[in-house]
Amino acid sequence: MEKHSGFVRFITRGSLVGQILVGLVLGIALASFSQSGAIAAGLLGTLFVSALKAVAPVLVFILVAASIANHRQGQKTNMRPIVLLYLLGTFAAALVAVVVSFAFPSQLALVSHTNDITPPGGIVEVLQSLLMNVVDNPFHALASGNFIGILAWAIGLGVALRHASDTTKRVVGDLSYGVTFIVRVVIRFAPLGIFGLVSSTLAETGFDALWGYAHLLMVLIGAMLLVALVLNPLIVFWKIRRNPYPLVFTCLRESGLTAFFTRSSAANIPVNMELCKKLGLNEDTYAVSIPLGATINMAGAAITITVLTLAAAHTLEISVDLPTALLLSLVAAVCACGASGVAGGSLLLIPLACSLFGISSDIAMQVVAVGFIIGVLQDSCETALNSSTDVLFTATACVAAEESTGDSAAELG
């Protein structure tokens with residue numbers, strides 16, 4: 001009985017990363033020894049993707065509305081430079097992801113037919129489609145998975161509810177918690193879903209699919225390394241006009257390393273607070289900027305959304321021009337700012353970006369499933385970049401402000 005309880009505890013409370021790794025290995029093993037069994041196991045993957053597809057629209061709608069409705073005003077802190085750095089870093093990371101994706105295009109193993117796709121003719125058609133999706137009926141948007149329409153209605157409802165009573169705001173917040181709990185339950189089935197997806201994909205397409213995922217993972221991690229070691233130091237140097245690398249490496253070592261294993265920006269907040277204190281930063285500033293950064297500073301998420309979306313477009317042979325790629329960078333940056341509240345991280349926001357290219361929700365959720373397969377490393381690297389950048393930009397803004405007023409600057413490393 002104790003063994004049974006221990007097994008149940010491992011399933012419900014054990015490391016999701018470890019369970020996904022087990023599912024990944026078992027899926028490969030099943031595909032190697034039994035093609036028919038692997039294809040049959042694909043039902044588990046189909047159910048998992050369908051569950052994600054069902055819950056994602058409701059999650060985005062409730063989460064965004066609750067976040068805006070419960071936003072607090074009147075916080076008196078010198079936050080503008082830090083917020084600007086957060087937004088600049090996230091958008092610039094999306095641009096880096098676009099460049100890397102064009103330089104090293106990735107192919108995904110998707111079960112789809114290109115003939116079913118109606119790609120946009122260019123930026124004008126994309127913008128026209130975008131505007132039409134914005135004014136979609138909210139119920140139709142939820143039912144059809146029109147994430148742009150869902151966002152528009154969620155923002156509108158959230159702004160309206162900011163003037164509601166505290167009781168109403170609490171109800172909306174409770175709804176957000178309830179939906180997030182359901183998503184967490186769905187995510188707990190990720191190992192089974194990954195097992196089915198990997199086994200059926202390998203059985204139907206062969207082991208070449210693994211190389212496709214390996215290439216995609218290399219593109220993702222390569223873009224994140226470029227941002228961490230090149231782009232972010234350039235931004236820091238632009239602000240403080242001195243060698244940025246002591247601070248960059250300190251943040252990566254003391255914040256990024258723990259975030260890599262916790263895979264949670266929120267869980268890494270105490271680590272970042274302690275690092276800010278160690279660096280001698282203004283407590284009134286970092287007490288606000290670090291929790292805020294865990295919510296809106298999402299360079300890693302912007303990279304994930306951009307790379308996977310462009311990989312899907314490349315796989316479906318959809319031509320992407322430069323203006324559309326720039327629009328994707330902007331959309332990815334905006335989506336990334338909301339990724340922290342999503343239990344699946346940035347992956348569940350990929351369908352929104354995919355909709356820019358006329359990619360159906362069915363195929364977009366297959367891309368999300370690919371993200372879960374590579375998520376063991378992708379999510380860890382993404383969180384490490386996101387969380388370490390919170391401290392990096394907070395320290396940068398504090399040092400720049402202190403130097404502009406002639407005060408003694410904080411210790412950089």
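Think of each number as a place in line: the chain as shown, counted from 1.
Including glycine, each Cβ sits where the backbone N, Cα and C put it.
Per Swiss-Prot, the features are as follows:
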type	residues	note
TRANSMEM	14-34	transmembrane segment
TRANSMEM	44-64	transmembrane segment
TRANSMEM	82-102	transmembrane segment
TRANSMEM	141-161	transmembrane segment
TRANSMEM	178-198	transmembrane segment
TRANSMEM	217-237	transmembrane segment
TRANSMEM	290-310	transmembrane segment
TRANSMEM	330-350	transmembrane segment
TRANSMEM	356-376	transmembrane segment
Positions whose Cβ lies under 8 angstroms from the transmembrane segment (178-198), at least six residues beyond its ends: 11-12, 16, 19-20, 22-24, 26-28, 30-31, 41-49, 51-52, 55, 58-59, 62-63, 341-344, 348, 369, 372-373
Per Cβ pairs under 8 Å, the stretch of 14-34, 44-64, 141-161, 217-237, 356-376 packing most closely against the transmembrane segment (290-310): 217-237
Contact set, same chain, for the transmembrane segment (141-161): CB under 8 Å, 6 or more residues outside the stretch: 53, 56-58, 60-69, 130, 133-135, 168-169, 172, 349, 351-352, 355, 361
Long-range Cβ neighbours of the transmembrane segment (14-34) (under 8 Å; 6 or more residues past either end): 41, 187-188, 190-203, 207, 210, 263, 372-373, 375-376, 380
Same-chain residues near the transmembrane segment (44-64), Cβ under 8 Å, at least 6 residues beyond its ends: 141-143, 145, 147, 150-151, 153-155, 158, 172, 175-176, 179-180, 182-183, 186, 189-190, 192-201, 338, 341-344, 348-349, 351-352, 361-362, 365-366, 368-369
